[in-house]
Amino acid sequence: MFLYNLTLQRATGISFAIHGNFSGTKQQEIVVSRGKILELLRPDPNTGKVHTLLTVEVFGVIRSLMAFRLTGGTKDYIVVGSDSGRIVILEYQPSKNMFEKIHQETFGKSGCRRIVPGQFLAVDPKGRAVMISAIEKQKLVYILNRDAAARLTISSPLEAHKANTLVYHVVGVDVGFENPMFACLEMDYEEADNDPTGEAAANTQQTLTFYELDLGLNHVVRKYSEPLEEHGNFLITVPGGSDGPSGVLICSENYITYKNFGDQPDIRCPIPRRRNDLDDPERGMIFVCSATHKTKSMFFFLAQTEQGDIFKITLETDEDMVTEIRLKYFDTVPVAAAMCVLKTGFLFVASEFGNHYLYQIAHLGDDDEEPEFSSAMPLEEGDTFFFQPRPLKNLVLVDELDSLSPILFCQIADLANEDTPQLYVACGRGPRSSLRVLRHGLEVSETAVSELPGNPNAVWTVRRHIEDEFDAYIIVSFVNATLVLSIGETVEEVTDSGFLGTTPTLSCSLLGDDALVQVYPDGIRHIRADKRVNEWKTPGKKTIVKCAVNQRQVVIALTGGELVYFEMDPSGQLNEYTERKEMSADVVCMSLANVPPGEQRSRFLAVGLVDNTVRIISLDPSDCLQPLSMQALPAQPESLCIVEMGGTEKQDELGERGSIGFLYLNIGLQNGVLLRTVLDPVTGDLSDTRTRYLGSRPVKLFRVRMQGQEAVLAMSSRSWLSYSYQSRFHLTPLSYETLEFASGFASEQCPEGIVAISTNTLRILALEKLGAVFNQVAFPLQYTPRKFVIHPESNNLIIIETDHNAYTEATKAQRKQQMAEEMVEAAGEDERELAAEMAAAFLNENLPESIFGAPKAGSGQWASVIRVMNPIQGNTLDLVQLEQNEAAFSVAVCRFSNTGEDWYVLVGVAKDLILNPRSVAGGFVYTYKLVNNGEKLEFLHKTPVEEVPAAIAPFQGRVLIGVGKLLRVYDLGKKKLLRKCENKHIANYISGIQTIGHRVIVSDVQESFIWVRYKRNENQLIIFADDTYPRWVTTASLLDYDTVAGADKFGNICVVRLPPNTNDEVDEDPTGNKALRDRGLLNGASQKAEVIMNYHVGETVLSLQKTTLIPGGSESLVYTTLSGGIGILVPFTSHEDHDFFQHVEMHLRSEHPPLCGRDHLSFRSYYFPVKNVIDGDLCEQFNSMEPNKQKNVSEELDRTPPEVTKKLEDIRTRYAF
């Protein structure tokens, strides 16, 4: 079996975010890392929407990311620390829309190792040097400079190693133009390591160390080091030189401290805490991330605590000496992995879990009532400041980037009966968790819907003048009339536009600079800017059947297949070409391309005829109306559309932005198929046809604009958008009801919209999230969802949600009541009334936990609920709250053979589980009966067990439960579940159970798969085979009777198969006279499974399912990852295909090596050598290679570049999207 890996949705969790002017313009962009992906985002300063400019897979782990700019430069470069053992400097090239690798310097081994640098990066604020550090021992400094041609140069590395030293954080200190200096949080463990008593370990202190790079001596010195009182977790650089006092802020537990090199005294201030917080008061508070904003006259920091509260930190200075630190509560947003403050006044928050946000900073919070805390305020030792959290006041949310990270569980099923299955994804963490329903399609936002007096049959938009940015009129055609609407603040009917209103319209357009043309069945109406009208009437009894118009040309087809061609002359007159052309059959559809910039006319006309052909006809004056080429079609054409697509934007000498693309002829057929063929711009030949089935109705095509490029809207029983995005063609359905006719629409509120008609309504739509594969509906949950099952009869979901370090609702209410009583008791006689009021206000206050976070209860505290949910409406039908410290780990829905048709839900619960050091007071299996057609859970009984029941699976009318490392069969009893049989020989802990026939496949938490056979007659569970590798299995899926696919904690996927001669009729030989080796207790079972495939995904996979994703498609193995990625593994059906893709992969490995210097083959073989899998993500980078490299690779394969692209597209569309 050979598989091909494809990513459907890239990871959405963000681990790092940096900002800078990467494209060299004044506009700031954000570069984010999503594990093994680099992405460039640009927030639009006018609309506040975040657009993705570029996404690149780096096939390596991005461990650190920094932006830097050379002194006096205008462009920021990106330094990447990864697991490749190399430092890589990238530059964004806006003209090619790609990251270019400027430097790649090797310094160590590959992999994420303790002493190989790459974990921490620090840049001198003036861009003169960069320090790259490991977790332990090694630090390297590179000097950055320019050569004579102003290109970036990099020196050989200077070492600043110190053995037995752990590093916690590194930053560059802003010292102006003096020797660059770096500050590190370090800890020396040499004494602790050599001291057997453990005293030294308890006394080890963290130190703040300054390293100075002497530019004169080209050498790094350890300048100064001092021990710290508290344990710091990160450093913030304070602006220096002429901008500020220099130095660093150390964020540590409960305190923030300012330190500077020299005799400056330390200034420290406690981190304020929430008033009346339900958290454990003994728990320390730390800052987790920060952002700096610096202008010429001032600077401030925004730092976020682990509860999500942001504080604005300012420093008071007296002659460059810091005298106090001031903190002021700013706002609360979800806890971030990184924050960026942009010059345009935006705050980008890359959340640790869940969606990412872009906020507008509306106020700086200087003049509000919020109390300001200062290091100068007197406090008792151990006391702190208190503040009251509140909803957003200084920030305004302007955009939200959907993120599925972390996906904890996913099932694919068509519960909504839509033909195409939906993905039901349990994601998020704690109170920000959600169940999301993903459907393949683009999200459509409706900006306006208005009813029309009848059912129109067509709609167009036109501008008044060629220079206009926005459209002026919407023209709606009915069976016997035409309605003209003007576009302004509102849309109103106009009567003096010059259009003929008493007839239906076939087409209309802006002609020349400022004239309009209307084509109707009896003629052509040319309306000049001064409202003069010229008319051309059809001869005799003939009428116009079809037409095609653009800015300078009009072509009409009369009854009987006669073509008449008009072209505009320089004076603005429409002139008929002397000859007319008779076609051999009736004309069904026609299309003209837009006139290319700087040219007089479009050279080609495409005509579709009744005889199932499409013909290209020349409009060049030298051979006007002569046929150039023809293509036979499998069915009758319905509509045609010529567009220029796939171009990269370029600026010509005059600064005009044009794009160099290819001409494509899109052909919509009456049987619901869309064809896309390449139209040769010189000869007019048609080649390289791609086909896709869109739906059951004839396909109508419309040209629209998306992100400054032409795109095609195709309408069948569903509407689809064909567009080019990041050097790949996308054909994506719109998640919207059926439309009938459409046109591009541009107005101030909606610069790239679509106006469409559906029955008797006119709709204005916008598509914002281009490039998105799925649109999603999210239903909020209370705790982290762990697993869910689908009730087969009602299609309801039964979800178990469990959080560690959390309180149940009952405990929270109890704690609040207790605190309120304490408040009243603590008050004196005269303050009793006031205290009672405060206590009442405290009890009534309810800040949403999804923003303000849930109180942390401490380790060993668990909260769980069992939820029954309708997945289509998203409403909760039943909610069972478990008691404090009961944690639900497994769930199953099953029928028992002795109870008939009733459905039961079994939930495995652990009691008082402590994770480290591990201990558990036992567990229970709760049994519920599903009543009311699967909408309510009726509690039957709970069965005590001795360990955590981490896996439950229905089995032959009974149920299999993995209790710790015991595998048991239970049956339903009156008072509890009855144990029927057990097996004690599983190694560590059962994490999952799959069943097929008499076989049970058990996944062990660290010993891969174990095959067990249930013998009914002897009532025994007997192990008959296992795997040879230790795998830390997270999830598994059965592929057939002998084959299982599994994923492990380290990001690998494997497929394991039992050899054909495996015998599962083994005996546990009770007589004991068999050979010892057949008992196989020492090294597992006597029969071993074979590994069919191994593949390193690079992200922990938490769900696997064999399913089909598109109606009529083939089966594939779908996986979802912890970082929010969704991918599929598809089997090759022919040896030729496998051979072809193997060669594509081989050539791309050498021609297009990964961006961060990691070797592709060794990345995919991180833990196990990659076996029988071809990396489709690498193969698809063929599309973004430079044309000459594409040509080289395809010549090696004896193909042309379009043929290779077609193969890549075909394998994708056969299985997915």
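Placement of Cβ uses the backbone N, Cα and C atoms for every residue, glycine included.
Feature annotations, reproduced from Swiss-Prot:
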- Ser156: phosphoserine (MOD_RES)
- Thr1200: phosphothreonine (MOD_RES)
- 105-119: region 'Interaction with PHF5A, SF3B1 and SF3B5' (REGION)
- 145-168: region 'Interaction with PHF5A, SF3B1 and SF3B5' (REGION)
- 193-231: region 'Interaction with SF3B1 and SF3B5' (REGION)
- 786-804: region 'Interaction with SF3B1 and SF3B5' (REGION)
- 1028-1049: region 'Interaction with SF3B1' (REGION)
- 1100-1123: region 'Interaction with SF3B5' (REGION)
- Gly284: site 'Interaction with SF3B5' (SITE)
- Glu306: site 'Interaction with SF3B5' (SITE)
- Glu352: site 'Interaction with SF3B5' (SITE)
- Arg429: site 'Interaction with SF3B5' (SITE)
- Asn916: site 'Interaction with SF3B5' (SITE)
- Asn988: site 'Interaction with SF3B1' (SITE)
- Lys1171: site 'Interaction with SF3B1' (SITE)
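Here the region 'Interaction with SF3B1 and SF3B5' (193-231) does not lie next to the region 'Interaction with SF3B1' (1028-1049) in space: the count of CB pairs under 8 Å, restricted to residues six or more apart, is fewer than 3. Ranking the recorded sites Gly284, Glu306, Glu352, Asn988 by the distance of their Cα atoms from the Cα of the residue listed as 'phosphothreonine' places Glu352 first.
With the fewest other Cβ atoms inside 10 Å of its Cβ, the least crowded of the recorded sites Glu306, Glu352 in this structure is Glu306. Each residue in the region 'Interaction with SF3B5' (1100-1123) gets a DSSP state, and the totals come to 0 helix, 13 strand, 11 coil.
Neighbour density at the Cβ, taken as the number of other Cβ atoms within 10 Å, is lowest among the recorded positions Ser156, Asn916, Asn988, Thr1200 for Asn916. Across the recorded sites listed here (Gly284, Lys1171), the residue whose Cβ sits among the most other Cβ atoms within 10 Å is Lys1171. Mapped onto three states, the DSSP output places Asn988 (site 'Interaction with SF3B1') in coil. Distance from the CA of Ser156 (phosphoserine) to the CA of Gly284 (site 'Interaction with SF3B5') is 43 Å. Distance from the CA of Asn988 (site 'Interaction with SF3B1') to the CA of Lys1171 (site 'Interaction with SF3B1') is 28 Å. When Cα-Cα distances from the residue listed as 'phosphoserine' are compared across the recorded sites Glu306, Glu352, Asn916, Asn988, the shortest belongs to Glu352. Looking only at Cα atoms, Glu306 (site 'Interaction with SF3B5') sits nearest to Glu352 among the recorded sites Glu352, Arg429, Asn916, Asn988. In the three-state DSSP classification, Lys1171 (site 'Interaction with SF3B1') falls within a strand.
Spatially, by CA atoms, the recorded sites Glu352, Arg429, Asn916 include one closest to Asn988 (site 'Interaction with SF3B1'), and that is Asn916. In this structure the C-alpha atoms belonging to Asn916 (site 'Interaction with SF3B5') and Arg429 (site 'Interaction with SF3B5') are separated by 21 Å. With a cut-off of 8 Å between CB atoms and residues at least 6 apart in sequence, the same chain places Phe353, Gly354, Pro406, Thr784 near Arg429 (site 'Interaction with SF3B5'), listed in sequence order.
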